[in-house]
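**Q** This is the feature table in Swiss-Prot:
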{"type": "REPEAT", "residues": "74-107", "note": "repeat 'TPR'"}
{"type": "TOPO_DOM", "residues": "1-125", "note": "topological domain 'Cytoplasmic'"}
{"type": "TOPO_DOM", "residues": "147-153", "note": "topological domain 'Mitochondrial intermembrane'"}
{"type": "TRANSMEM", "residues": "126-146", "note": "transmembrane segment"}
Amino acid sequence: MVTELPYALDAETPLNPSELNVLKAQYDREGEMVGVQTKFNYAWGLVKSNQRNDQQLGVRLLSDIFRVSPERRRECLYYLALGNYKLGNYGEARRYNDLLLDKEPANLQASNLRSLIDDKVAREGLMGVAILSGVGVAAGVVGAFLLRNARKR
């Protein structure tokens with residue numbers, strides 16, 4: 001079992017198509033009796049992908065491993081956090097990451113990911129406020145224009 005977790009940046013570096021095809025072929029070859037390590041390797045390759053559908057499948061496979069393989073839960077927590085972070089599911093990413101940090105408060109990779117999640121949530125929250133403010137200003141301008149035109153008639 002892997003004890004050292006990758007940093008979040010590694011999730012942003014997709015495998016090349018031939019590498020992902022090797023993992024998929026192994027996964028497909030094992031069929032219904034797919035091994036946990038094979039499934040995990042394929043799931044991680046999918047999470048690293050730039051394709052949203054691949055990332056979603058990777059998260060589903062990791063969720064399956066988490067449910068059926070207690071010995072892999074530590075790893076799965078982190079990889080599920082990374083996968084959900086890449087998908088923009090920041091609440092889920094934080095939930096999985098916090099479960100890992102509860103068990104391992106000194107885990108540098110999980111701490112780093114927590115900072116990335118918090119930064120992304122803060123940035124998107126500010127963007128949301130800016131968008132709502134812009135919509136409010138636009139509505140005010142349109143309302144004032146309509147009111148002004150109504151008074152002229």
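Cβ coordinates come from backbone N, Cα and C, glycine included.
Note that the structure is a prediction, hence the values are computed from the model and not measured.
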**Q** Residues of the same chain, at least six outside the repeat 'TPR' (74-107), with any C-beta under 8 angstroms of its C-beta?
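**A** Apart from its flanks, the repeat 'TPR' (74-107) reaches 1-2, 5, 8, 11-12, 40, 43-44, 47, 52, 55-56, 58-59, 62-63, 65-66, 113-114, 116-117, 120-121, 124.
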**Q** Just to be sure I understand, if DSSP states are collapsed into helix, strand and coil, how many residues of the topological domain 'Cytoplasmic' (1-125) fall in each?
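**A** Going through the topological domain 'Cytoplasmic' (1-125) residue by residue, I get 101 helix, 0 strand, 24 coil.
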